[in-house]
Amino acid sequence: MSFDNLRYLESEAIHIIREVAATFSNPVVLYSIGKDSSVLLHLAMKAFFPGKPPFPFLHVDTLWKFREMIAFRDRTMRELDLKLIVHVNHDGIDQGISPFRDGSNVHTHVMKTMALRQALDKYRFDAALAGARRDEEKSRAKERIFSIRNAQHAWDPKRQRPEMWRTYNTRVSAGETMRVFPLSNWTELDVWRYIQKENIAVVPLYFAAPRPVVRRGTTTIMVDDERMPLEPDETVTQRMIRFRTLGCYPLTGAIESSAATVPEILREIVEARTSERQSRLIDLDEAGAMEKKKREGYF
Amino acid sequence: MSYPFSISAHDMEEHLVQEDKTPVLRFITCGSVDDGKSTLIGRLLCDADLVFEDQLADLRRIGIRGGNGEEIDFSLLLDGLEAEREQGITIDVAYRYFSTSKRKFIVADTPGHHEYTRNMVTGASTADLAIILVDSRQGMLQQTRRHSYLASLLGIRHVVLAVNKIDLVDFSEPVFDAIVAEYVSFSAKLGFASITAIPMSARFGDNVVLKSGQLPWYEGPALLEYLETVELDPADKQRASRFPVQLVMRPNPDFRGYAGRIASGKIAVGDPVVVSKSGRRSSVRAIIAPDGNQISAAEGEPVTLVLADELDVSRGDMLVDPASRPFVADQFQAHLIWFDANPMLPGRSYLLRTETDSVGATVTALKHQLNVDSFVREPAKLLQMNEVGVCNIMTQRPIVFDAYEENRSTGNFIIVDRVSSATVGAGMIDFPLRRADNVHWQALDVDKAARTALKNQKSAVLWFTGLSGSGKSTIANALEALLYTCGKHTYLLDGDNIRHGLNRDLGFTAADRVENIRRVAEVARLMADAGLIVICSFISPFREERRMARELLEEGEFIEIFVDTPLEECARRDPKGLYKKAFAGNIANFTGVSSPYEAPEDPELHLKTVGQEPATLALQIEEFLRRRMEEKQRLA
């Protein structure tokens with residue numbers, strides 16, 4: 001390949017996105033508002049230029065996302081004039097599921113995994129594009145770009161299809177669906193370099209600023225609204241923080257940082273001694289936590 | 001990560017530019033189980049300081065080997081699935097991304113276990129280089145040979161022979177030399193451009209990142225140094241331009257573009273192009289790339305081409321340089337690797353996918369299978385899982401391709417099972433077969449419509465399927481007698497009778513049963529073309545073959561009749577005494593006893609024979625045909 005690595009990754013991703021549009025009857029993009037989603041959205045816009053992406057964007061909302069994320073989501077969709085579907089698991093709301101009361105495991109299972117399954121079934125999507133990368137986590141490193149899920153949306157690592165060259169098997173049998181990861185071969189550094197090169201807008205929470213936080217064990221939690229219950233010995237303080245990854249605010253640890261621009265973030269990543277998902281509590285529940293979630297249908 | 005802490009602003013800038021410019025080396029690790037592949041990559045990443053602190057802490061927490069309780073098990077950095085950790089083996093490919101100051105790397109850590117060969121092939125199909133591990137104590141094993149062969153077949157040109165666990169043979173030079181000599185002699189026929197042998201201990205890190213003091217006799221580089229400096233084949237080899245059309249873009253009535261990724265060569269505005277399947281010509285009016293319009297585009301770029309003329313072009317077609325065209329054919333020879341637990345059966349209908357095309361396909365001849373130990377060509381009737389064969393393949397309509405040797409992108413395909421949708425095989429095309437081009441269908445003046453009109457009937461293939469002894473032949477016989485008295489022109493093809501003549505050479509294995517049905521279906525088709533009502537009475541146990549027979553015929557011409565009799569009843573009737581023999585174990589592959597029967601899911605007629613007279617059932621079928629004929633006359 002004669003051209004630069006980023007352009008190679010961009011080319012590969014566009015090819016995969018187009019392949020989904022060419023071979024599935026009802027695809028969707030899982031839009032989680034994070035930096036990877038922003039890159040995926042940007043690539044989808046490029047893939048179909050001068051037209052628009054021929055599929056909608058789906059946000060599975062747990063109602064515990066950072067407020068800035070929701071504002072960013074609505075602004076982005078409005079500006080690009082894209083079709084956004086927001087799905088909330090109302091059964092979970094009726095049960096009063098909360099990350100504080102029920103813990104990360106139950107919350108994630110009900111409000112993300114179950115909600116995603118509901119949404120895919122409701123709209124009968126046969127393929128879902130998502131921004132997951134193989135460098136995020138060990139079981140992700142094992143996943144194919146076109147990842148088949150059975151009728152219960154479960155991933156079976158032993159049933160993965162051989163994936164050779166750029167010749168993808170996009171055929172699904174009745175009831176099965178496909179998850180597709182165009183950013184599989186990207187790293188955290190690639191994502192940020194691409195954001196810089198293409199000047200892609202991301203949620204401001206990725207950039208350092210003074211924000212109200214609570215230290216809980218080794219994790220720094222940002223107090224995003226009044227639903228956050230404080231332990232007796234806890235106090236809210238203002239710290240210079242930013243996020244390497246964004247999820248539900250009570251389950252996403254911030255890092256102390258002064259990186260307020262993309263070049264500063266790039267420097268921080270190059271010098272980082274800890275992995276990106278270190279602050280994601282849902283990965284740390286137990287050994288094999290991510291694999292277990294994916295077997296249940298987590299994306 | 002690969003950088004020392006505190007980089008100056010200038011160095012950082014350089015580092016990032018470097019990141020983007022240095023070529024990426026894609027490599028795989030392969031070899032037998034327990035040769036230490038995952039350990040090697042884990043050790044490489046740790047020693048080169050490329051593992052995050054939390055991941056290292058995690059490894060220390062979960063990854064202490066038994067024994068002295070001190071030593072880290074580096075393989076756990078890669079083996080990320082629970083089943084892998086439980087069993088201590090690699091099941092699926094893990095991809096890791098890392099970079100040093102000299103190069104970026106993508107490594108696919110692939111499984112050694114025989115059962116997961118397909119996952120090794122997955123990693124190899126996109127790799128430039130293979131590290132093939134050998135355990136010093138064991139020397140070359142069958143998997144070493146198999147993986148080397150597959151690597152070569154898939155087009156990998158450079159090999160590192162990692163002679164691992166050298167510490168366990170006292171860092172012995174003669175042991176190393178002997179393994180290298182054996183490997184070099186074995187691989188002479190594989191055509192690798194380079195083989196670099198390195199003695200190492202992945203467990204202790206000797207010669208992985210740093211040269212080891214334990215191996216003073218070894219003068220070559222440590223593994224990482226080699227990987228950082230190995231020169232790959234230049235990418236700019238001038239190749240013919242190939243643009244497989246992935247997607248036709250019509251966002252509005254004024255715009256029609258063809259999206260795809262340039263598989264090879266260059267394309268510029270104004271270049272003449274040919275649509276390969278139709279041979280129609282046009283030229284490139286515009287090239288739309290991700291960053292806007294371009295005047296030219298090169299291999300790998302995802303672009304949208306706008307042509308000067310309105311032509312009929314669709315997904316699966318290819319736009320190419322008129323001076324250098326790919327093959328367009330529906331018959332070709334290919335090397336096929338089989339992945340599935342169900343064997344590849346010549347004659348069975350599968351789906352074949354190239355990068356952008358998808359078409360029904362059949363292996364018409366399995367010429368031979370390749371023995372990976374001796375490279376000897378061995379005769380074979382089918383391909384089992386992980387076997388490689390050379391096949392003639394026929395597709396339902398022509399596809400566009402190059403030889404795999406010439407072009408990795410346009411010369412490959414995968415085979416998909418029609419029922420499970422699984423990827424069951426992968427192939428590399430050798431060359432087209434000429435016979436398809438030279439045999440043309442001869443148009444005749446008297447056609448099927450004329451023949452059936454004369455006979456005052458509608459041709460049909462009444463396909464009886466059911467267990468041996470279910471009553472197929474009895475009902476078929478009664479039906480033919482009945483149709484004869486009604487003045488219909490019929491012929492009855494019976495399983496046993498056909499096996500006395502046309503199919504005398506076939507046995508009862510799965511492969512032979514497929515071929516048996518294929519020939520019968522072709523004969524039935526000719527007879528239907530002659531205007532006859534053809535009655536076929538065959539056990540025909542597999543759904544795939546009945547589907548194949550159905551697809552050979554016109555819509556509505558194939559009438560599947562399920563003669564449904566419980567196995568116990570068939571065995572009780574046992575008209576030919578076969579069940580008695582089968583239960584005694586004297587007949588192999590007997591349907592319902594030692595071989596499966598796949599009942600029809602949606603037959604046109606479902607006849608339950610218990611308590612029914614054959615004559616009544618024959619009347620039922622005749623009634624069905626009568627209604628069908630009335631329908632035809634009403635429409636006419």
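The backbone N, Cα and C atoms fix where each Cβ goes, glycine too.
Whatever TrEMBL says is automated annotation, not expert-curated.
Database features (TrEMBL):
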type	residues	note
ACT_SITE	B:SER540	active site, phosphoserine intermediate
BINDING	B:31-38, B:109-113, B:164-167	GTP binding site
BINDING	B:GLY466, B:LEU467, B:SER468, B:GLY469, B:SER470, B:GLY471, B:LYS472, B:SER473	ATP binding site
DOMAIN	B:22-235	domain 'Tr-type G'
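Distribution of TrEMBL features across the structure.
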{"residue": "B:GLY31", "record": "GTP binding site", "DSSP class": "strand"}
{"residue": "B:LYS37", "record": "GTP binding site", "DSSP class": "helix"}
{"residue": "B:ILE166", "record": "GTP binding site", "DSSP class": "helix"}
{"residue": "B:LEU467", "record": "ATP binding site", "DSSP class": "coil"}
{"residue": "B:SER473", "record": "ATP binding site", "DSSP class": "helix"}
*Going by Cα-Cα distance, pick out whichever of the recorded positions B:GLY31, B:ILE166, B:SER540 is nearest to B:GLY471 (ATP binding site).*
B:SER540
_Which recorded positions sit within 10 Å of B:LEU467 (ATP binding site) - Cα, from B:ASP34, B:THR110, B:SER540_ = B:SER540
*Check the Cα distances from B:GLY466 (ATP binding site) to each of the binding-site residues B:GLY31, B:THR110, B:ILE166 and keep only the ones within 10 Å.*
none
_My understanding is the cutoff is Cβ-Cβ under 8 Å with a sequence separation of 6 or more in the same chain; which residues meet that for B:LYS472 (ATP binding site)?_
B:PHE464, B:THR465, B:GLY466, B:SER537, B:PHE538, B:ILE539, B:VAL563
*Report, in whole Å, the straight Cα-to-Cα distance of B:SER470 (ATP binding site) from B:SER540 (active site, phosphoserine intermediate).*
13
*asked:* Please give me the CB contact count at 10 A for B:LYS37 (GTP binding site), counting all chains in the structure.
replied: 28
*Chain-mates of B:GLY466, B:LEU467, B:SER468, B:GLY469, B:SER470, B:GLY471, B:LYS472, B:SER473 with C-beta within 8 Å of site centroid, ATP*: B:ILE539, B:VAL563, B:THR565, B:CYS570
*Sorted by position, what residues of the same chain at least six away from B:GLY469 (ATP binding site) have a C-beta under 8 A from it?*
B:THR565, B:CYS570, B:ALA571, B:ARG573, B:ASP574, B:PRO575, B:LYS576, B:LEU578, B:TYR579
*Consider the binding-site residues B:SER468, B:SER470, B:SER473 and say which one has the Cα lying nearest the Cα of B:LYS37 (GTP binding site).*
B:SER468
*asked:* Cα-Cα, whole number of Å: B:ASP34 (GTP binding site) versus B:SER473 (ATP binding site)?
replied: 57
_To the nearest Å, how far is the Cα of B:ILE166 (GTP binding site) from the Cα of B:SER468 (ATP binding site)?_
61
_Within 10 Å of its Cβ, which one of these binding-site residues (B:THR110, B:SER473) has the largest number of other Cβ atoms?_
B:THR110
